[in-house]
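Novice: Relevant sequence annotations retrieved from Swiss-Prot are reproduced here:
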{"type": "REGION", "residues": "1-379", "note": "region '3-dehydroquinate synthase'"}
{"type": "BINDING", "residues": "42-44, 80-83, 111-113, Asp116, 136-137, Lys158, 176-179, Asn187", "note": "NAD(+) binding site"}
{"type": "BINDING", "residues": "Arg127, Asp143, Lys149, Asn159, 191-194, Lys243, 257-261, His264, His280, Lys351", "note": "7-phospho-2-dehydro-3-deoxy-D-arabino-heptonate binding site"}
{"type": "BINDING", "residues": "Glu191, His264, His280", "note": "Zn(2+) binding site"}
{"type": "ACT_SITE", "residues": "Glu253", "note": "active site, proton acceptor"}
{"type": "ACT_SITE", "residues": "His268", "note": "active site, proton acceptor"}
{"type": "REGION", "residues": "392-835", "note": "region 'EPSP synthase'"}
{"type": "REGION", "residues": "854-1044", "note": "region 'Shikimate kinase'"}
{"type": "BINDING", "residues": "Gly861, Met862, Arg863, Ala864, Ala865, Gly866, Lys867, Thr868", "note": "ATP binding site"}
{"type": "REGION", "residues": "1045-1258", "note": "region '3-dehydroquinase'"}
{"type": "ACT_SITE", "residues": "His1162", "note": "active site, proton acceptor"}
{"type": "ACT_SITE", "residues": "Lys1191", "note": "active site, schiff-base intermediate with substrate"}
Amino acid sequence: MSIEKVSILGKESIHVGYGIQSHIVEETIKCLASSTYVIISDTNMSKTPTYEKLQDSFQKELAKQRPQSRLLTYLIPPGENHKNRETKAEVEDFLLQQGCTRDTVILAVGGGVIGDMIGFVAATFMRGVRVVQVPTTLLSMVDSSVGGKTAIDTELGKNFIGAFHQPEFVFCDVSFLQTLPKRQLINGMAEVVKTAAIWDETEFTRLESFAKRFLAEISAPTPNLESIKDELIKTVLGSVRVKAFVVSADEKEGGLRNLLNFGHTIGHAIEAILTPEALHGECVSIGMIKEAELSRYLGILPPSAVARLSKCLAAYGLPISVDEKIFSKIIGAKKNNLKIDSLIKKMLIDKKNDGSKIRCVLLESIGKCYESKAHQIFKEDIQVVMTDEVFVHPFANRHPESVSITPPGSKSISNRALILAALGEGTTRIKNLLHSDDTKHMLDAVVLMKGATVSFEDSGDTVVVQGHGGKLFACKEEIYLGNAGTASRFLTAVAALVNSTQDEKSVTLTGNARMQERPIAALVDALTTNGSKVDYLNKQGSLPLKIEAGNGFKGGRIELAATTSSQYVSAILMCAPYAEKEVTLSLVGGKPISQLYIDMTIAMMKDFGVDVTKSETEEYTYHIPKSVYQNPQEYVVESDASSATYPLAFAALTNSSCTIPNIGSSSLQGDARFAVDVLKPMGCTVEQTSKSTTVTGPPIGTLKALPEIDMEPMTDAFLTASVVAAVSQGTTTISGIANQRVKECNRIKAMVDELAKFGVSADETEDGIRIHGVQLRDLKTPGGRGVKTYDDHRVAMSFSLLAGLCKDPVLIQERSTTGKTWPGWWDVLHSKFNAKLEGHEYIRQRSGSLRNGDRSIVIIGMRAAGKTTLSRWLAEHLNFKLLDLDQYLEKKLAVDIKLLVKEKGWDYFREKETEVLNECLEKFGKGHILATGGGIVEGEKPREALKNYTKSGGIVLHLHRDLKETVNFLSKDPTRPAYSDDIEEVWKRREKWYHECSNYHFYSTHCTSEAEFANLKLVFAKFVSKITGDDTFVLPATRSTFVTLTYPDLRKVPSLIKDVSETSNAVELRVDLLANQETAYIAEQIGLLRSVATDLPILYTVRTKSQCGQYPDEDEEGMRKLLMFGLKMGVDIIDLQLISSPSTIAEVISKRGHTKIIASHHDFTGDLKWDNVEWKNKYAQGVSIDADFVKLVGMAKTFDDNLLLENFRRQNTEKPLIGINMGPQGKLSRVLNKVLTPVTHELITDKPIGVGQLSLKEINQALFQIGGLLEKEFWVVGSPVSHSRSPALHNAAYAALGLPYKFDIFETDDAEKVYSQLMQKPTFGGLAVTIPLKLDIKKYCTELSESAKLIGAVNTVTPIADGRKGFLGDNTDWIGIANSFKKADFALASGVSNGLVVGGGGTSRAAIFALHSLGCQKIYLLNRTESKLQDLVDSFPDYDLEILLEKNASSVSIGLVVSCVPGDKPLDETLMKKLDGVLSNNKGDKQTRPLLLEAAYKPRVTPIMELAKEKYDWTVIPGVEMLVNQGEAQFKLHTGYTAPYKVIHSAVLNE
């Protein structure tokens, strides 16, 4: 057994080895005599063989050596969330109960949580007992166990309460690591890399070379760490020795020890927010990169060191950005909580700070810290580094008069050098290589294909490439290239040379979203013509590509169009020496684009030993011999001439001087001519030697425009030229840059659009741009979101120059995009040009939370799914135009579709259909409903267009109905072209396409009557309002409830649903309890539920078995699909279980749209008491994922469990909490819960036993009995009121809901009496006001609702804050009118766009308001006294009101009439004559449904009702309906509850 010992604080107390459990036991018992030894670990560790062996050995050895001593063990739950005061106290209580004294020796066996917390226990128990650290994770071995720092966490931060307490021994047994999962091993490597980065470059270099072997071993199906134990021991020792040395020099962290906190200032802040999902090492890894970038920003650390650190961490599988795909998946929705203010707040309470000053360790180079101490850093600098947007402040006169800038290596040369070196034989040292995203992707790809071995020297400045002579092999991993266009083109050609392996037969190249739009077809065509087999995996002509290995490169003559990108030409040139036959490459069709880049490639091939000869007989034709590149010993990459244009342009714009010391006239790069060909004619002084270039700008405001400049030799530099031209005198026209339209973005359009924000006019030409310069004083500061960079590095850098010339700071989005070619550009701007930068955090709105506004909506679905009808309704509802794409196609082609299909076939029709879809999405992107044909999803291209539309935030709505009904309908419809397949087969084929192309789904219930159609129209309108964001669920200010439906098939209980749900605020659909969980069945159930409970929000729940439901826990993918389908159905609320995988949680949260989220957790065992930290963690998790509500359900075993819950509720208020206990003893919790309490109903007979469910009535009765509800009194006031039905209505509802309220009459015509005798009573609950007090009562109201103000009358009074803040006057008469029409299916009424009000009194005003709310465009007025009507017209100036004259009465179109004249008095003959004309002209028939509402409820049938119904067949609504509907609205205002409609209706009618 080999054991390495490390001295710390003068004592060799750190022992490192492999399989040293026996040594741990012997040393502890021999050296640390004690009556009691206590092994403390966690419940996970205790199950491992290594722990069991240690405990058994200790027991046996103790019996031999110290038989009088005893061994105790104590286990705590695992995880950082248990490293707290409570757990520490539990451990201490255990020690006290066991009679432990000051001679006790504690062994802390576990990871950092155990080491930290048990070390702190040892430090404080009996004022300090001895402790032995036995770290079992890599992280704890190299970090927390060494140095005596012990602590626990609090809610305010990590490790804030603790002590320095040195362990007697630290035993690092590397064999313990065998028990760790892969992620935990990787996690530990962060601290290892950190230690080497701050202290020992030699060790850092060793770690770089060890990464591949380490990752391969721990990733094996059955890892065997013994095979790498020597390297692992070296790894642990390397870190431990550094930490021991530092601790020995600075035990209490006074100075030097602070260096160990590199990466922790930012890393700890990130960890505090992302724990427990993100691990310590992962956060420190990201923190190291951010702090290294901070050092670079401050001009201390070279960019190459940042790149090297980044590459090393990534090589170990550690995240280097929170945006990394895998890390983002792990942390899920918590990523949204990484707000800069929150992070800085966490940094401000870091232990190593000096007061409120943030201190941070700055790296000077790999292996060395700046000035060997932590430095004060400013929040402003952190903000720049931590955010991806930046404000560029005016340059003013802060910049130096002259400066020398060395840009990073040329991207073009760097990428070519890496390809040539990888294909070559031998080792080459590449200096000044560009360290950027592009070259990182290139390096990673070369290594993945085993084309070369890559290492670093000179602190990362030199890249050592050992080429394998063109021997490349297929790899399993996808090669991800981000948005690296150069890398994608070069590697596509290189991949054609790849050989297959036993397991892998192809190479896949992919990239980000923009890369998957960029063209590569011309290169792929050339390769496939030459024998390669390349498949497009997504969009034709773009990445991702699958390239079959082993086909080789045939060679011979290859022709490419001269207009082809020079990168395609270079790709083939560089691979040509490895073809089977010598290659002749001919560029045909004119002068090649970017000839200089082709010349560059040929010159570099020569440097690597291959001579390309130019044909003497054919223009633009090259002969490439078969050969193998020979790598030169050293290759120096020239600085990037395109990047050099930015500092040179800075000088031009600011009347300063800038020198680029390593780019001159001898450069191979076309952009090296920028200074001479562009800046000099614009008025700059230019001095250029063969190796350097200096530009001095003219006096500010004197730059001259360039009338004509062909920038074809330096196309990338046109953006820089454009921003200089923007402030030059005159118009500049740039040509020869057509290829810039297909770069990272359409750069020409981008320049036109973004220059406009600065007040600079520019327009596109056929192959360039024309810019009309402005005076500096006329340059505008872009408002709003500032400059959009389109994820294009050159757009960002160009506009960072123009931004500094504005009067105010300018926002630049996506600043990190410059990492493509110049990662340190912002650092140069800040530290070299003294520009003031300010980081800005864009707070993104929830995905989908924006209202749809006027954006067009696309409709898809099968034939006969109701697309025509529902599209028409949708257009009406949104006031959009309806465009039927089939009709548009017929009009465009001047042919009937049926005939078109018959003559030219379905394929031709589909092709034309696709063209029309793309055209309409482009032309009619706003204010339209685009209704498509059923087969739009048959083609890949239209499917892609639809999916892209949803990705961009547009709505694609899939309409569907019962398939049998669809079949029945289509079989009877001769007007449509016949399907060639069976309809059901067509549906089966298309179903998955409809789902993947749409982001919303609406199921239409089958309608057989006008009433059902009217209801469907109402349901559909509500659905549309939800998905467009116009009407989303809002939590009531009062107590709220939901009722749960547990039926397997709602079709069997439709009437029951309405009765049991109407008094709740939402209805829960338990999807897991349905008869089956097929999406079609669920859609049907939701459709039915919506049709029955039209006004109620739907809570969509899929509960797993472990959470008291029926859905299988193991079917995570099925759960994800069901939740996503719920979102697609546009449900109001969705229940998201907190035990779901982080990826499921993240997807639901990110795609929630306008659906509210309940984050839920259930414990039906009763083992978790409410003072257990697990509940706190679950609540915090719900908060962290940004759920709208958190629902936590426990099981009450005692009555006191309810009191513990209430204490928990008081302490956790960040998000609304639904907190209840199940079980009979938990009923009190349901009574006390205020937010969305689950309730049952008296009519539900099959209630679950033992759950403790209560009805709303039972809850209210119990709440009254314990003082939670107080008695209240309500009155109807006015005169006469003795026959009012209001008391009957309200008292019936109180009784039904168990409310301790009383409603009575108060007869008076004196408002003052009402105020003094009723409204001042402590039990006052509210008033129903009738004549003659509707106007007089207003003076006693401190507030009036908008409806009361406009109508001018109050019929409802409620106290504000129990009357302490006065009284609210409202009007519910208009709601009574509007809801009476709605309940009578007004949606299908003819001429609904126009209404008529008969009468001129107070109720007429409410009628006008109601008709307007129902969407009547014009409202006619009719009364005996026309002067009264003019007063009404004047009172509603914004409404289209018209007094109905006798001559027009028989000709106007009217669908809704409200009669507001007394029902028990004779009517004026003239008025009746006019009314007769209206009724006659609009009488009902089979197609029309005109409606008349009688406002008077006495007598039951009035003369007007009789005339309308009997003579003209109008549907009449008696006044009693208005009374009930008005009372229902009034009841809700008074109590906050919804009245049971049947109950109040019956109470009013049964006099």
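If you go along the chain as it appears here, the first residue is 1 and each next one adds 1.
Keep in mind that glycine also has a Cβ here, set from the backbone N, Cα and C atoms.
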Novice: Whole-number Å distance between the CA of Leu260 (7-phospho-2-dehydro-3-deoxy-D-arabino-heptonate binding site) and the CA of Glu191 (Zn(2+) binding site)?
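Specialist: Spelling it out, the Cα of Leu260 (7-phospho-2-dehydro-3-deoxy-D-arabino-heptonate binding site) and the Cα of Glu191 (Zn(2+) binding site) are 9 Å apart.
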Novice: Which one, 1-379, 854-1044, 1045-1258, has the most C-beta pairs under 8 Å toward the region 'EPSP synthase' (392-835)?
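Specialist: Per the Cβ count, the answer is 1-379.
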Novice: With Arg863 (ATP binding site) as the reference Cα, tell me which of the binding-site residues Glu80, Leu177, Val193 is the closest one.
Specialist: Glu80
Novice: Around the C-beta of His268 (active site, proton acceptor), how many further C-beta atoms are within 10 angstroms, looking at every protein chain?
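Specialist: Result for His268 (active site, proton acceptor): 25 neighbouring Cβ atoms inside 10 Å.
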Novice: Going by Cα-Cα distance, pick out whichever of the binding-site residues Lys83, His280, Gly861, Lys867 is nearest to Glu191 (Zn(2+) binding site).
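Specialist: Result: the closest of the binding-site residues to Glu191 (Zn(2+) binding site) is His280.
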Novice: Quick one: pull the CA-CA distance for Glu80 (NAD(+) binding site) versus Gly861 (ATP binding site), whole Å only.
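Specialist: So the Cα of Gly861 (ATP binding site) lies 50 Å away from that of Glu80 (NAD(+) binding site).
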Novice: Counting other CB atoms within 10 A of each CB, which of the binding-site residues Thr137, Asn159, Asn187, Thr868 comes out lowest?
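Specialist: Thr868, out of the binding-site residues Thr137, Asn159, Asn187, Thr868, has the fewest neighbouring Cβ atoms within 10 Å.
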Novice: According to DSSP, does Asn159 (7-phospho-2-dehydro-3-deoxy-D-arabino-heptonate binding site) sit in a helix, a strand, or coil?
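Specialist: Reduced to three states, the DSSP call for Asn159 (7-phospho-2-dehydro-3-deoxy-D-arabino-heptonate binding site) is strand.
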Novice: Tell me the Cα distance separating His1162 (active site, proton acceptor) from Lys867 (ATP binding site), rounded to the nearest angstrom.
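Specialist: About 42 Å separates the two Cα atoms.
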Novice: If you count the other Cβ atoms within 10 Å of each Cβ, which of the recorded positions Lys83, His264, Arg863, His1162 comes out on top?
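Specialist: Output for this query is His264.
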Novice: Restricting to the chain of Asp42 (NAD(+) binding site) and a gap of 6 or more, list residues whose Cβ falls under 8 Å of its Cβ, or answer none.
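Specialist: Non-local contacts for Asp42 (NAD(+) binding site): Leu75, Ile76, Pro77, Pro78, Gly110, Gly111, Val113, Ile114.
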Novice: Measuring Cα to Cα, how many Å separate Thr137 (NAD(+) binding site) from His264 (Zn(2+) binding site)?
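Specialist: About 19 Å separates the two Cα atoms.
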Novice: What recorded positions in the list Arg127, Gly861, Lys1191 lie within 10 angstroms of His1162 (active site, proton acceptor), counting C-alpha atoms?
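Specialist: So the list reads Lys1191.
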Novice: Ranking the recorded positions Arg127, Arg257, Lys867, Lys1191 by other Cβ atoms within 10 Å, which is at the bottom?
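Specialist: Across Arg127, Arg257, Lys867, Lys1191, these recorded positions, the one with fewest Cβ atoms within 10 Å is Arg127.
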Novice: Please report the distance from the Cα of Gly866 (ATP binding site) to the Cα of the residue listed as 'active site, schiff-base intermediate with substrate', rounded to the nearest angstrom.
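Specialist: Rounded to a whole number, the Cα-Cα distance is 38 Å.
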Novice: Given His268 (active site, proton acceptor) and Asn187 (NAD(+) binding site), what distance in Å do their CA atoms have, once rounded to a whole number?
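Specialist: Cα-Cα distance, His268 (active site, proton acceptor) to Asn187 (NAD(+) binding site): 14 Å.
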Novice: Going by Cα-Cα distance, which of the binding-site residues (Arg127, Asn187, Val193, His264) sits nearest to Ala864 (ATP binding site)?
Specialist: Asn187
Novice: Provide, as an integer number of angstrom, the distance between the C-alpha atoms of Asn187 (NAD(+) binding site) and Arg257 (7-phospho-2-dehydro-3-deoxy-D-arabino-heptonate binding site).
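Specialist: About 22 Å separate the Cα atoms of these two residues.
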Novice: Given the Zn(2+) site residues Glu191, His264, His280, which other residues of that chain have a Cβ within 8 Å of the mean position of their Cβ atoms, reported in sequence order?
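Specialist: Here the nearby residues are Leu139, Asp143, Ala190, Lys194, Gly263, Gly267, His268, Gly281, Cys283, Val284, Gly287.
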Novice: Averaged across the region '3-dehydroquinate synthase' (1-379), what pLDDT does the model get? Just tell me the whole number, please.
Specialist: 91
Novice: Relative to the Cα of Arg127 (7-phospho-2-dehydro-3-deoxy-D-arabino-heptonate binding site), which of the recorded positions His264, Gly861, Lys1191 has the closest Cα?
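Specialist: Nearest by Cα distance to Arg127 (7-phospho-2-dehydro-3-deoxy-D-arabino-heptonate binding site): His264.
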